[in-house]
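Novice: Pasting the feature list from Swiss-Prot:
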TRANSMEM  14-34  transmembrane segment
TOPO_DOM  35-288  topological domain 'Periplasmic'
DOMAIN    41-283  domain 'HBM'
BINDING   Arg60, Ile61, Ala62, Arg63, Leu64, Gln65, Arg254  succinate binding site
BINDING   Arg60, Ile61, Ala62, Arg63, Leu64, Gln65, Arg254, Thr258  (S)-malate binding site
BINDING   Asp138, Arg183, Arg187, Tyr236  acetate binding site
COILED    191-245  coiled coil
TRANSMEM  289-309  transmembrane segment
DOMAIN    310-362  domain 'HAMP'
DOMAIN    367-603  domain 'Methyl-accepting transducer'
Amino acid sequence: MNSWFANISVNLKLGLGFGLVLVLTGLLALTGWTSLGSLIDRSNWMGDIGQLNKDLTDLRIARLQYMIANGDDTAAANTLAKLDAFSKQQAYLATTFKSPENVKLLGELGDTISAYKLSLNKMRQGYDATRAARVSMDSSAIRADQAMDALSQEVMARPEADSVRLAQYQLISKARQQLLQVRIDVRGYIAENSSANEQAALRQLDAALADTDNLKRQLPSEDARLQQFENAVLAYRDAVRQFRDAVANITTSRAEMTVQGADIVKRSDALYQIQLERRDIESTQARSLQAIATLLALLVGVLAAVLITRQITRPLQDTLVAVEKIASGDLTQHMRVTRRDELGVLQQGIARMGTTLRELISGIRDGVTQIASAAEELSAVTEQTSAGANSQKVETDQVATAMHEMAATVQEVARNAEQASHAATGADDEARAGDRVVGEAIGQIERLAEDMHRSTEAMNLLQQESQKIGSVMDVIKSVAEQTNLLALNAAIEAARAGEAGRGFAVVADEVRGLAQRTQKSTEEIEELIASLQHGTQQVANAMQGSRALTDSSVELARKAGSSLESITSTVSSIQSMNQQIAAAAEQQSAVAEEISRSILNVRDVSEQTAAASDETAASSVELARLGGQLQTLVSQFRV
């Protein structure tokens, strides 16, 4: 196993080591990702449960509002809507959770919601029954009043000489007072559903029925009318009892809903507490798993680092010893290499390098003698070459000086033409920039003109709408005047009614006061609308003048744009001619510089040739000296 690992490549060794670390790191990341996903899911579930609790709170508030509103249809619809929202959230949670404990709680919660809905429907039926009972009481009271009115008219129509006429009328008035007291007691019972109020209302009804029996004895001729009155009072009593039963049903439903609501809250809190406990358990598991995976990754990483380091550093140390021996001149060693990885290939290369160096040193010894004899011959030839190169250098310097002066003159012309071209280009750019600015100004002014036109139309529309508001205010003013008259008439009628109409008179005075304040506010609004219409007209006139000035500005900007276009065209022509002049001068300058460079190159070559000849002569002497030194150095190697 160790031999196999030693023979695989360093890339593969490092790849295996880092690969194991990366795999464990990936597993660690996967573990963290999975744990994080579980926590996120748990948080989402807790959020859903929080939404369920919010829906429950909304439902309980809606139920209280429904009870405060005494069974109002709008409040009932709102309560049903909140109950449906709560039920839908519960059904959604039932499809989301898979744990048996959660599913059981959600199932129990669903059953409680169904029972809660039944109780709510019973309460609605109770409120519907109370409304029906009140309608029945009102209709029965109206029939009883009508019977008493007809009976009173018949009694009052009798001759004044009738001795029993006054006594019969007093009995009828007493029965009417009894009926009025019954209605007052029933209203008190409706306002406060207490047993005492209920018994008081029923006792008063029984008293009214007893007076009816007395009337039957006193007025046997009016038995039909009295029977109608008695039937109406009996129906009124039945309606009161229906109201009592409906109130009892409402009270029972309220108690049931209170218990069911508390049960829903308890189960919802239990469901939320379960999620908290599961979250804590999953957090602990995630931390433990992360710690184990981290320790395992660190352990494997350390082991891989130690093993790979030993497989790489030991052969490197052996190779370093061999290289140091070669550096010290000892070429007698022979390395034995068995590894087949990159380090083995390196050791084999160093072994071949030692063999090659031995052969090289042996060859150098033989070549040093030949170099010494060749150096003497080279020195003689170099002296002749140096004399000819010095003569050529003098002639080339004279030609180079003349060409340099001509090139300087041509470059001056080219610079002047180029400066003129740059100036024309700058003028052309400025003219084009001015043209663009004018174009943008024209566009801005045209858009301003369009905005002014739209603003004028908007002001006209505002003026029309303010006129419509004026007509609406006339209607409101007329309605306020009519309300004032109606309130005045109601106050007069209430005054005629005396003590019984005092409360109605107070209400009529309040309505009249409201109508007068409405009329006064309407007049103030009319004044504001008139001021608004006047200001709107002034703004519209001013915007018409601004629109005319804007159109004139657009025309002037267009003329300025045309002038800038002409200037731009002229500057472009000047720029084109300057560019042609500059191009011609640059071509002449380039030709002159090319000739000058060629002559300078010739001169440089001559100088280099002369210098090379001198150096060659010196090198020949030096070469002979180096040959001796080389023989001395080669003798240091042991082969």
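Positions of Cβ are set from backbone N, Cα and C atoms, glycine also.
Can you tell me where each of these features sits in this structure?
Specialist: Beyond the transmembrane segment (14-34), the same-chain residues lying 6 or more positions past its ends with a Cβ under 8 Å from any Cβ of the stretch are 286, 289-290, 293-294, 296-297, 300-301, 304-305, 307-308.
When pLDDT values are averaged over the domain 'HBM' (41-283), the model yields 79.
DSSP gives Ala62 (succinate binding site) a helix state.
Of all the Cβ atoms in the protein chains shown, 22 others lie within 10 Å of the Cβ of Ala62 (succinate binding site).
Here Arg187 (acetate binding site) comes close to no residue that lies at least six apart in sequence on the same chain with a C-beta under 8 angstroms from its C-beta.
Taking DSSP states H, G and I as helix and E and B as strand, the domain 'HAMP' (310-362) has 39 helix, 1 strand, 13 coil.
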Novice: What whole-number distance in angstrom separates the two most remote CA atoms of the (S)-malate-binding residues Arg60, Ile61, Ala62, Arg63, Leu64, Gln65, Arg254, Thr258?
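Specialist: If we measure all Cα pairs in Arg60, Ile61, Ala62, Arg63, Leu64, Gln65, Arg254, Thr258, the largest is 14 Å.
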Novice: For Arg63 (succinate binding site) and Asp138 (acetate binding site), determine the Cα separation and express it in whole Å.
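Specialist: Taking the Cα atoms only, Arg63 (succinate binding site) lies 28 Å from Asp138 (acetate binding site).
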Novice: Should Arg254 (succinate binding site) be counted as helix, strand, or coil on the basis of DSSP?
Specialist: helix
Novice: Around the (S)-malate site formed by Arg60, Ile61, Ala62, Arg63, Leu64, Gln65, Arg254, Thr258, which additional residues qualify by having Cβ within 8 Å of the site's Cβ center?
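Specialist: These residues sit around the (S)-malate site: Leu59, Tyr66, Met67, Thr79, Met257, Gly261.
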Novice: Whole-number Å distance between the CA of Tyr236 (acetate binding site) and the CA of Leu64 (succinate binding site)?
Specialist: 30
Novice: When the Cα-Cα distance from Leu64 (succinate binding site) is computed for each of the binding-site residues Asp138, Arg183, Thr258, which gives the smallest value?
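Specialist: Comparing Cα positions, the closest of these binding-site residues turns out to be Thr258.
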Novice: Look at the binding-site residues Arg60, Arg63, Arg183, Arg254 and tell me which residue has the greatest number of other C-beta atoms within 10 angstroms of its C-beta.
Specialist: Arg63
Novice: What are the sequence-distant neighbours of Asp138 (acetate binding site), meaning same chain, six or more residues apart, C-beta distance under 8 angstroms?
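Specialist: Same-chain residues close to Asp138 (acetate binding site) (Cβ under 8 Å, separated by 6 or more): none.
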Novice: Write out, in the order they occur in the sequence, the residues of the chain not among Asp138, Arg183, Arg187, Tyr236 that have a C-beta within 8 Å of the mean position of the C-beta atoms of the recorded acetate site.
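Specialist: Neighbours found: Arg134, Met137, Ser140, Ala141, Val182, Val186.
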